[in-house]
Amino acid sequence: MFKTQTTLLTSLRRFSSSSQLKNSKSLYEQTIPNLMINSDTKVIFQGFTGKQGTFHAQHAMDYGTKVVGGTNPKKAGTTHLGKPVFGTIEEAMKETKADASAVFVPPPLAAGAIEEAIAAEVPLIVAITEGIPQHDMLRVSDILKTQSKSRLVGPNCPGIIRPGQCKIGIMPSHIHKPGCIGIVSRSGTLTYEAVNQTTQTDLGQSLVIGIGGDPFPGTNFIDALKLFLDDPNTQGIILIGEIGGSAEEDAAEFIRAANASRSTPKPVVSFIAGATAPKGRRMGHAGAIVAGGKGTAAAKFEALEAAGVRISRSPATLGSLIVEELNKLKH
């Protein structure tokens with residue numbers, strides 16, 4: 001049974017890759033700037049009145065995020081947390097001109113909610129939901145690649161935050177500090193570890209993107225790296241990967257090429273979770289599985305190191321290593 005699931009997952013990944021090649025990659029790449037949220041970003045919550053949606057919408061508002069409303073077809077026309085409730089995301093967009101949506105919709109309906117947001121041309125869609133069927137996300141992935149209006153972060157992710165300005169997700173806001181380090185991660189809890197360390201070292205964060213641990217993320221490492229490399233406020237980058245797939249190896253190749261073309265390369269520090277995971281066993285996330293001898297932590301470490309990335313063998317040293325790398329630039 002497990003072998004069948006592993007084979008299916010591998011096949012889906014291959015199908016997705018070939019499908020993406022057929023579509024126009026340049027279209028979806030145009031949405032990368034949509035990730036740069038700020039204090040003016042207006043946010044709609046899909047699944048607004050549910051327990052999780054309510055809790056995290058309130059926390060976002062407390063942080064200063066401009067939450068302008070939410071959706072619930074059964075409660076359209078009412079208010080919740082002092083904000084309007086709309087029947088559809090299309091109606092919400094017409095009334096609020098929102099810049100982003102946060103998806104707190106149960107797994108069976110979440111892909112549909114994402115597709116509705118794409119149809120409504122929401123610039124940034126942040127899908128927090130875990131457990132969305134992979135066939136559904138494969139369909140969403142193909143839809144994303146055919147358009148240039150909406151950018152997806154997630155699913156199964158902690159979200160995205162620009163410290164001191166805007167929070168869309170479930171991350172603990174108090175550990176963040178405005179600063180100069182861009183953080184991108186497949187792991188939620190390890191994201192918080194990197195955030196806390198860069199706060200403690202007084203570097204702070206320019207933008208933190210939790211891309212999620214599912215096999216078909218709306219935003220990958222390379223998307224985030226492109227944003228960070230072009231962002232003048234980002235001086236260093238922390239990349240946290242996991243076993244499984246080839247996202248980290250792809251990122252390594254991109255970093256190698258990008259830094260070769262820059263007069264002053266931006267330092268990158270990386271940690272890969274799951275180094276002790278046995279072959280063929282899924283570790284936590286749906287995408288964290290070593291299959292067919294590929295996707296091992298060792299292979300990822302090797303690829304990243306060859307690209308000039310500073311490797312952290314423990315998550316506890318991410319903060320100190322990025323400080324060391326930044327100090328090297330001063331000498």
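Backbone N, Cα and C define each Cβ position, glycine as well.
From the candidate list K66, K75, K145, K149, the residue Swiss-Prot records in the CoA site shared with T49, G50, K51, Q52, I128, T129, E130 is K75.
For I128 (CoA binding site), the count of additional Cβ atoms within 10 Å of its Cβ stands at 27 [all protein chains shown]. Each residue contributes its Cα atom, and for T49 (CoA binding site) and Y192 (substrate binding site) those atoms are 27 Å apart. Close to G50 (CoA binding site) in the fold, though at least 6 residues off in sequence, lie N72, F104, each with a CB less than 8 Å from its CB. Counting only the Cα atoms, the space from T129 (CoA binding site) to Y192 (substrate binding site) is about 18 angstrom. If you compare every pair of Cα atoms in T49, G50, K51, Q52, K75, I128, T129, E130, the residues listed for CoA, the longest distance is 24 angstrom.
A sphere of 10 angstroms centred on the C-beta of Y192 (substrate binding site) encloses 19 other C-beta atoms.
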